[in-house]
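Enquirer: What TrEMBL records for this protein is below:
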- 1-37: region 'Disordered' (REGION)
- 26-35: compositional bias 'Basic and acidic residues' (COMPBIAS)
- 81-99: transmembrane segment (TRANSMEM)
- 119-141: transmembrane segment (TRANSMEM)
- 161-180: transmembrane segment (TRANSMEM)
- 210-233: transmembrane segment (TRANSMEM)
- 263-282: transmembrane segment (TRANSMEM)
- 302-322: transmembrane segment (TRANSMEM)
- 334-364: transmembrane segment (TRANSMEM)
- 384-407: transmembrane segment (TRANSMEM)
- 419-445: transmembrane segment (TRANSMEM)
- 478-497: transmembrane segment (TRANSMEM)
- 518-537: transmembrane segment (TRANSMEM)
- 549-569: transmembrane segment (TRANSMEM)
- 636-698: region 'Disordered' (REGION)
- 663-686: compositional bias 'Acidic residues' (COMPBIAS)
- 687-698: compositional bias 'Basic and acidic residues' (COMPBIAS)
Amino acid sequence: MDDRHHEQRTGSSARPNRQKPAVTSRRPDLAHQPDDSFLTGRRKAAQRFFHELTYPHNIHPALVPGVSVEDQRIRYRVDKAILIVVGALIVGFIIWGVLNPQQVTEVSTAALNWTMLNLGWIFNTLAVGMILFLLVIAFSFYGRIPLGLDGEKPEYSTASWAAMLFGAGIGIGIIFFGPYEPMTYYLSPRPGAYDPATVEVIKGAMAQAALHWGVSAWAIYAIVGLAVGYVSYRRGRVPLMSSILMPLIGGDSRSVPARIIDGLAIIATLFGTAASLGIGALQIARGVEVVTGWGPTGNRMALIIIVVLTIGTIISAVAGIAKGIRRLSNFNMFLAIGLALFFFVVGPTIFLINIIPGMIVQYFDTMPQMLSASMADSPEMQQFLSSWTTFYWAWWVSWSPFVGVFTAKISRGRTIRQFILGVLLIPSTIIVLAFTILGGTAIWLQRANGSIASDGTAESLPAPEEIFFVVLDQLPGAHIMAPIVIVMLAVFFITTSDSASLVNSQLSQGGKPEPNKLITAFWAVCMAGIAVVMLLVGGEDALTGLQNLITVTALPFSVVLVLMCIALVKELRSDPQTIRKSYERWALQKAIRRGIDTYGDDFTITIEPTDPRSEYATGAGVDSHAEELTNWYARTDEDGNPVPYDYATGRYLDGKDHNGDPYPDDEPDAEAGETTDDTAAEADGEDGAHAASQREDS
């Protein structure tokens with residue numbers, strides 16, 4: 001075959017047409033499926049043979065429909081380096097914290113103060129930057145790219161998907177911080193924000209809580225979810241944090257940089273989730289004291305609860321009762337909705353209805369001012385940001401691997417735009433409404449009779465784990481709701497620990513979908529141990545221990561999040577759909593200009609081979625053999641050896657599927673004994689077409 005044939009480009013040319021041209025359109029996600037119905041078997045075979053000889057891996061990079069990780073041949077192994085090194089660090093920290101909590105307190109406090117003073121701006125910049133980055137991606141051309149194969153339908157219906165995102169926004173934090181945080185801002189507003197004596201402080205308190213738990217938090221989660229979903233269901237790589245950064249660090253998942261990144265993700269998840277388990281145990285302990293009438297038990301009861309519920313988590317992990325846990329989680333979601341409705345109906349309904357619209361306006365109106373608050377503003381502002389805003393950004397960074405992997409799993413088949421808008425808006429709306437209901441009820445009770453803070457100051461507020469039950473006690477039916485809340489918190493504890501342990505187990509086993517149960521149980525024990533240390537470090541003020549440890553351990557992973565954004569953009573620029581768009585833009589611009597210039601109003605656009613040196617060659621500016629465009633869709637076996645793959649049929653050409661098993665229809669049928677006439681004729685036709693293509697090539 002003439003070598004020039006390999007370099008022949010397709011060009012768009014304009015030809016005169018006596019009739020007005022018909023305008024047709026084709027869905028972008030089906031652009032890789034050309035209409036070849038007019039081709040004979042011989043021409044189809046010839047076309048396939050041409051692609052095999054011309055393009056890397058038998059297909060042009062613009063026509064690759066995407067690659068799913070589930071269709072890859074992968075041998076999952078326990079990453080002993082990550083398991084041993086990270087496991088040893090965590091176990092060593094737990095032993096240190098149990099034996100000498102005072103020393104851990106001193107070291108973590110010093111580290112926190114240095115981090116806040118010198119690097120706190122990183123978290124604040126991250127919270128703003130992630131929102132802007134996601135909105136730009138969502139409303140650009142990249143927003144049309146699917147988190148899956150071209151033309152693949154979403155795995156879940158829109159209603160089911162929204163419900164799962166709704167459930168992801170419900171957890172221990174809402175019950176713990178829901179009444180406490182708005183009440184704190186009401187009695188002690190952000191420095192320089194509001195006069196505590198004015199009504200505006202009510203909406204301001206709600207808006208400040210919405211800032212911490214709303215769109216900014218879910219933007220951090222969405223970055224990880226978007227990147228994991230794209231590389232797993234569009235690029236065919238395992239759902240590891242290091243897989244996302246392969247365009248920057250190389251393709252070896254067992255390299256030192258890759259293992260460091262996955263190790264940082266595990267550490268961040270352990271500390272972030274342990275914080276939720278710690279505050280959950282504190283609140284369960286206080287609930288037990290309220291229901292039973294026992295006196296204060298300090299942290300002893302919370303420590304016992306951590307041990308008992310962790311045993312429940314381990315049993316669920318080892319026994320493989322994941323379906324039961326999911327059903328329990330779904331049931332808990334309905335209980336949480338019922339709890340919110342209970343507060344709304346029996347609480348100050350009219351007050352809440354009136355405050356919600358004003359709070360929303362206040363939130364968007366003051367968002368720039370709240371996000372621009374700086375440690376350099378004043379010592380009071382530094383204290384406020386360290387205790388609240390920056391602490392929350394760090395906490396959400398530490399939660400991002402866990403929540404990100406979950407949102408990616410349930411969003412397969414969604415476009416990037418759908419994913420971003422759904423993840424940013426659905427859970428945020430639910431959380432903001434929940435905080436408005438719980439916090440608004442607490443503020444209303446305080447304004448009505450001063451029953452929450454005895455002397456009207458933030459210092460007189462009950463402990464964070466107690467304030468929910470103080471508010472609940474002011475409402476009718478409290479004796480019925482209190483035990484239900486305790487059950488809800490216990491279920492949240494188990495499901496959170498179970499899910500986070502599963503994600504950590506996957507990260508330490510190369511992204512294995514069903515990881516080793518004993519390793520999963522090990523990470524659950526580590527999480528419980530860290531939660532215990534946090535309570536010991538915090539002493540009577542448990543939040544201090546959480547803030548010290550979370551902020552410091554989340555800092556390294558915040559840098560990883562920035563690198564994720566860079567790597568994601570780099571891959572989106574070489575996505576098959578992006579390449580097709582560049583061909584489309586180049587071809588239409590050249591053809592339309594030439595058509596108008598040459599023929600005026602009446603012309604039609606045709607597709608025909610063009611000399612690559614021609615100014616009308618569509619692909620003149622694209623190197624379709626470049627490694628950055630072609631390496632990612634090359635198929636390999638479990639050992640990394642190349643395996644030929646036919647993207648037209650979705651089959652490996654060595655006769656084995658992605659699991660390494662023979663294709664069912666390739667096995668001999670002993671009962672049939674012979675091939676049907678139709679099958680034989682089809683086989684003869686394919687053989688004849690292949691022979692014809694070889695003759696034409698000669």
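Please read every residue number as a count from 1 along the shown chain.
Every residue gets a Cβ built from N, Cα and C, even glycine.
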Enquirer: Verify whether three or more Cβ pairs under 8 angstroms connect the transmembrane segment (419-445) with the transmembrane segment (549-569), leaving out any pair fewer than 6 apart in sequence.
Expert: no
Enquirer: Using a Cβ distance cut-off of under 8 Å, indicate which of 210-233, 384-407, 419-445, 478-497 has the most pairs with the transmembrane segment (263-282).
Expert: 384-407
Enquirer: Between 119-141, 161-180, 210-233, 419-445, 518-537, who has the most Cβ pairs under 8 Å to the transmembrane segment (302-322)?
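Expert: Comparing 119-141, 161-180, 210-233, 419-445, 518-537 against the transmembrane segment (302-322), the winner is 518-537.
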Enquirer: Among 210-233, 478-497, 518-537, point out the range having the most Cβ pairs under 8 angstroms from the transmembrane segment (419-445).
Expert: 210-233
Enquirer: Given the transmembrane segment (119-141), which of the listed stretches 161-180, 384-407, 478-497 has the most Cβ pairs that are under 8 Å apart from it?
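Expert: Between the stretches 161-180, 384-407, 478-497, 384-407 has the largest tally.
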